[in-house]
Amino acid sequence: MSEAARDLSPGAPPAVAAAAPEERKGKEPEREKLPPIVTAGAAAGLDRGSKGQISTFSSFVSTVTQKKEAAENRSSPTHLALPNIRNVRDLPPICLDVRQKQRMSVEALPSEVKVPPLPEPSLPSQPKTVKDFEEDLEKAEATGNWKTVHAFYITAFDSFTELNTAFKKDATASFNTIEDSGLNANLVNAVFDALLNTPQDIQKSVLKGIINSLLQEWKGPRTKDDLRAYFILLQNPQFNITSTYVIYAHLLRQIATLVEADHHFLVHWLKKLSQKKFKQLVERLLQFVSLRLFPAKPEEFPPLTKCTWWIPSAAKVLALLNTANNLVHPPLVPYTDFYNSTLDHIDLMEEYHTWQSFGNSHRFSFCQYPFVISIAAKKIIIQRDSEQQMISIARQSLVDKVSRRQRPDMNMLFLNMKVRRTHLVSDSLDELTRKRADLKKKLKVTFVGEAGLDMGGLTKEWFLLLIRQIFHPDYGMFTYHKDSHCHWFSSFKCDNYSEFRLVGILMGLAVYNSITLDIRFPPCCYKKLLSPPVVPSDQSTPVGICSVTIDDLCQVMPELAHGLKELLSYEGNVEEDFYSTFQVFQEEFGVIKSYNLKPGGDKIPVTNQNRREYVQLYTDFLLNKSIYKQFAAFYCGFHSVCASNALMLLRPEEVEILVCGSPELDMHALQRSTQYDGYAKTDLTIRYFWDVVLGFPLELQKKLLHFTTGSDRVPVGGMADLNFKISKNETSTNWLPVAHTCFNQLCLPPYKSKKDLKQKLIIGISNSEGFGLE
């Protein structure tokens, strides 16, 4: 199976299993029968605003198919809940009398939308060039005579064959490769860019031709010309208009039910689109899903019970686009462009439980396509799943206590940590080891010898102090790389890796308890953390091992990665000039040790022919093999807390955001959500403060956030989730601001001038670390 075909649903099992070609042949005729093309709002006189004429065309489509069923559909209520559906391949059968084997003609149009009859046009033997098309367009706009342009559109979109004749670079060539669709992309763009500005009769003719194409009989596997036709039609901007959604849905359905090999071709053709065109396809599909779920005018669509296949089909085509995007480096669009914020308003836990219960083989769930679910929605799923696990475990503890006729104790409902500040790491390790069965309970921390009830502040302080101590260079567990501004695992060998497990548990507890940590790991760390996303039942299975590239190494050790890239591009004799072998050296506790990258590596010279293998093995050694035991302990610690299928919904980048927060700052949002104690938001000192902060460069804004919260990143829920507070500090204005990071609180003296406030604030945030100046 190809890499592209496998990656249809990153972070989750494949959503739809493609049928084998042998099975497909027997099912083909039934699979391609189209459902009746009807719209619940196709009644005459339905007001669609400026798009009224296209709405009339939808009315024509309804008239041609089944008037009786359309009337029944209009009387049916529309439900937002998706009915049970197994998958795209198990779509409901279609009535035989709907299949029209004869082309629909202009005479079939109702009288109010008939267009003047045109002679049967035919495309010239030589395909039209962009210049030819633009000249025809200019003449039509100047003279008002659109006959030539109309003839081109009506013929080009008359069938899949004509589409290929019109848009292939060479009509006689096969172009049966994934690297080249064989289409004149400039002509496709020009034709579609002009389409919405042409007269309505031309636009109707194009839609009529698409219907004819989709209604044709298909026997046997698709040809590459058919795939090209689908690829062209997918780019049609008419499908932005809701009145065309019935036709668009049928197009998506046919693309979604193609076999895996055909999807493979489409994916590689899609990745060749321009960023603008690709983004338009994604946005069009997301809008289609959103409006089907929450239509502004429900009467414009068939009842949801009559088109249960619309959303699954669109989701599968979105999966093809997502796969194409992941194959391009850098991606055509950010992965966040696939998020559909509309899904934040559906019953996410119902979607999650459906996916948990039925997987990918029965009922449809958006969790089968996690790339469309926003990180905020995924956080809700993970939090609620965590809460349910916490409640379940706490309830079981209570039942066990009662069954033994022991008095229940409220403390049994929590993971209670009692630690000494002077022995923070060892005490924390001992407590977490002894209370391994309680890790999924709500965390509460007590510092020995100190009074105080943990309402969240002590827990956050425990995290901050522990992380700060473990990641200190003198502790030796992690190495800080200044060039990449991140930590990486020390490769030093030891007998006990329990402290690496502790760090993993800390990260898991942070996610589980919705706490943002000030940790800087490179992106490849989170990729390894999801390899695999669920702990394998076989304990001998390697964990934390993933495929790595020189780009991953660049995120950790940019200087070394640059040197290896220089080696790859070196034009001289590598063996004679570098005199290297497949052996590398590392310093451990002042002792230089050697490691062979492959058996007998110390005797294998690096040459021009094998240097790529050397770079790959060296990269794998640094990021996988040399730290395997350390990372395996870290992996097991994290998953001992976050053992949930919800992790399968996440990308590595999203795990990082859940652990560390987002780097995107919005200080205006922070201003809107800030609470005040002793000040009012209209006080002069507060107005000075925000004038200064909003005028800060990004670097100083990050320092302010780190000074007051312990991290320069923002929680998934945004600035509002920080619960930021500014309190009045009734001290001399000569004092610097003070921060209580455990409570995200800034104590501000009543400075009398903006200049004084700015000076004191910059000094305070620039010369503090972790907890501010107290």
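Including glycine, each Cβ sits where the backbone N, Cα and C put it.
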Record feature phosphoserine (Swiss-Prot), assigned residue among Ser9, Ser531:
Ser9
Would you count the other C-beta atoms found within 10 angstroms of the C-beta of Cys742 (active site, glycyl thioester intermediate) for me?
19
Check the DSSP secondary structure of Cys742 (active site, glycyl thioester intermediate), expressed as helix, strand or coil.
helix
